[in-house]
């Protein structure tokens, strides 16, 4: 009878529930991807043209503009370290995103107002020199800028892991039916997420930058504000579709401190003679011993003073004795720090793309296609995204297959790709110096901005080889419970790189000035300055950083998973 009349009501309701759950699990990640696209447009709409706004609207000097842009970028990429700590230890990712959005929206609204209200910016000026903005005008602008920095930094720290978290399942979830298969869809999510970032940069560097420079700065900043407002509203509306988890277990910082404290307390104890660490404390199953979920690691030579944290102590507590695996996780962090230092100097070299490269372009002819169209100076930064896609194609279709056939079965390692990227950044700095030398000796401001394309192309290749490999390296080498700390290392390297760049700008501007305070490599008028010397300096810094990296990479030892039988009890 049921077959004649169709499916029973209960079965029909069950199918409807499955459909609802399926849409729920799809809508959450899709909303996060859309959020990231709009947020990337909003952030890049400010960041890519910031040095142009400081120069043309607020009338800052070359050194002032470069230093403040680098300082702001440094702050923007150090905030995620703080945000990640708050998200992992106290607030959780969802609440961290919401709190950050309040600062973000307040900063963008104030930035739009400062560009729209005439009393909050200096009067337009066509001559040189122009009167700079007043102290009040600069204060309002930088207040808006740093509110934006706090907001975007908090979002960057939590949005990506929050999106990946939507695909994770565990035994405590009671509403998993209809959720997508975790691993395959999670990998797809990462690809789409980074695609959203790059697409946002491209849109901001072309359309939004063009509006800012050719129509109205206030309108351009207003578009950025509107993008974030729409993103925030959609993110809040999709709240019922998210899986929200609060922090549990030990934080990575506490795990590190426990090893350091135990090593200090046991500093007078004698280490066992076995080089393989058989005499040190280990357990059969290190999983969840202190709320974590990590693989067991084999004992490695080096950093022997940390091994004292695993010396067996009768009745020792968690702050007196640690397992070999816990000690090895701290060793992993200690070993990647020297590699990370070279990432800081590498990031400082990349910082030229958003500062001195743009300033160089401002002193060139931006007309193309017979003068019918003017290229926004900042647009070359977004066009670099296109160059990156071409480099990715070259990397996947040519470089890696050739390396697998003639070098090793797995192709280039992460450390080797990072080395290639560091070589290319030297080439990019040298190329920029040669272009500037040609400009100064010949055409000067009539030289086409298209001459900058080669240095952006080479720098894009450096991003593909080194930047992506760095993320893989820090994530792959880090223990599971410490991957957030290592991801923060990547943001911290970018942050310190911008600060290093700012310091170098300040020193060069002070050292190269004439006795009367005028001129120098970074003079306001680039036609009388020597930006080519400055690029050569960065080529030398990048070359020295490459040499240091090659030395460290040759001696680096990767972590070793522990064999199943390697356990020693107290």
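Heads up, the Cβ atoms here are built off N, Cα and C, so glycines get one too.
Features reported for this protein in TrEMBL:
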| type | residues | note |
| --- | --- | --- |
| REGION | 1-22 | region 'Disordered' |
| TRANSMEM | 71-91 | transmembrane segment |
| TRANSMEM | 98-118 | transmembrane segment |
| TRANSMEM | 138-159 | transmembrane segment |
| TRANSMEM | 189-211 | transmembrane segment |
| TRANSMEM | 217-238 | transmembrane segment |
| COMPBIAS | 275-285 | compositional bias 'Acidic residues' |
| REGION | 275-294 | region 'Disordered' |
| TRANSMEM | 373-394 | transmembrane segment |
| TRANSMEM | 491-513 | transmembrane segment |
| TRANSMEM | 533-552 | transmembrane segment |
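Long-range contacts of the transmembrane segment (189-211) within the same chain: residues 29, 32-34, 36-45, 48-49, 160, 163-164, 166-167, 219-220, 223-224, 376, 378-383, 385-386, 388-389, each at least 6 residues beyond the stretch ends and with a Cβ under 8 Å from a Cβ of the stretch. Counting C-beta pairs under 8 angstroms (sequence separation of 6 or more), the transmembrane segment (138-159) reaches the transmembrane segment (71-91) with 3 or more such pairs.
Counting Cβ pairs under 8 Å to the transmembrane segment (217-238), the top-ranked stretch among 71-91, 98-118, 373-394, 491-513 is 98-118.
Away from its own ends, the transmembrane segment (373-394) comes close to residues 44, 48-49, 52, 198-199, 201-206, 209-210, 212-214, 353-354, 357-358, 361-362, 366-367, 449, 452-453, 456-457, 459-461, 463-465 of its chain (Cβ-Cβ under 8 Å, at least six residues beyond either end).
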